[in-house]
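The following features are taken from TrEMBL:
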type	residues	note
BINDING	27-34, 144-147, VAL173, 181-184	ATP binding site
ACT_SITE	HIS34	active site, proton donor
BINDING	GLN58, GLN150	(R)-pantoate binding site
BINDING	GLN58	beta-alanine binding site
Amino acid sequence: MDLILARNRTDLIKARGGGTLALVPTMGALHEGHRSLIRLARDRADQVVVSVFVNPLQFGPGEDYSRYPRTFDADLAACREEGVDVVFAPAAGDMYLPDRQVSVCAGEMGRIVEGASRPGHFDGMLTVVLKLFNLVRPDVAVFGQKDAQQLSMIRRMVADLDVPVEVVGAPTVREPDGLALSSRNRYLSAGERRVALSLSRALRAGAGEPTPARVRAAASKVLAEAPPELELDYLVLVDPATFTEVSDPYEGEAVLAVAAKVGTTRLIDNMVVRLGR
Ligand code: AMP
């Protein structure tokens, strides 16, 4: 069956099949990372819905909402190639009522690490994700580990608000040289792209170390040696469930996360590291 393009709740209801449904929320400008999520979704459910919506609520003033890449025709073609059943692409004006009042508050976890750099970002992201869940009514929703704090916050929302959706995390897809795929990579010049490689290099350096102090030191060293075009925002080693910093002694999984500006482009990346025995 050909791909169905849904613009609103009525279209979604008409497109709904009888079996299980998996949702892959995206902001479009689809790349191989998004495609890996779609494939995972297809393994998990009978029907796959991909949402394409650049959510104004999760962009702060001065961020790249207006210049965020919009490649809708190519996105539709990618979804068709991946056997997606429905693309849900609402118009920005149709998602939010002009007199809307109620939204999701991400809590303390939404104000730390990435949330400290982007005030209000996680409130806006959770609000749109909950709306997408209510519109699409998926059994399963797939999110990338690339946005580790986002994934963690969505798991938190689902637990705290008893949202009846199974959240599935998917590994980060990288270029052969280590750069994590991102819709924002297209902003990078060839020179900036080389500079951006310091992020994944730093994460790899940290990931082999046995203690929090040594993980941070090894990753920091790589970033300190990076070209001056790299403007570090944060490098943290955090508990995956809470995003609070871990300290020595620590055993188990932690997330080594980094954010930096290269030129005018802000990039984030992370790796899960295993500490202790
Ligand atoms: P975005 O369109 O950037 O909002 O991302 C949509 C979904 O794709 C999110 O769940 C992201 O975490 C995920 N994603 C983005 N980049 C990658 C990547 N390189 N590998 C795997 N998933 C990704």
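Glycine residues also receive a Cβ, built from the backbone N, Cα and C atoms like all the rest.
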Q: Quick one: of the binding-site residues LEU30, GLN58, GLN145, flag those whose CB is under 6 Å from ligand 1, and say none if nothing qualifies.
A: none
Q: Could you tell me which of these binding-site residues, MET27, LEU30, VAL173, has the greatest number of Cβ atoms within 10 Å of its own Cβ?
A: LEU30
Q. How many whole Å apart are the CA atoms of the residue listed as 'active site, proton donor' and GLN58 ((R)-pantoate binding site)?
A. 19
**Q.** Secondary-structure category, per DSSP, in which MET27 (ATP binding site) falls
**A.** coil
Q) Under a criterion of Cβ-Cβ distance under 8 Å and sequence separation of at least 6, what residues of the same chain contact SER183 (ATP binding site)? A) MET27, GLY28, ALA29, LEU30, HIS31, TYR68, PRO69
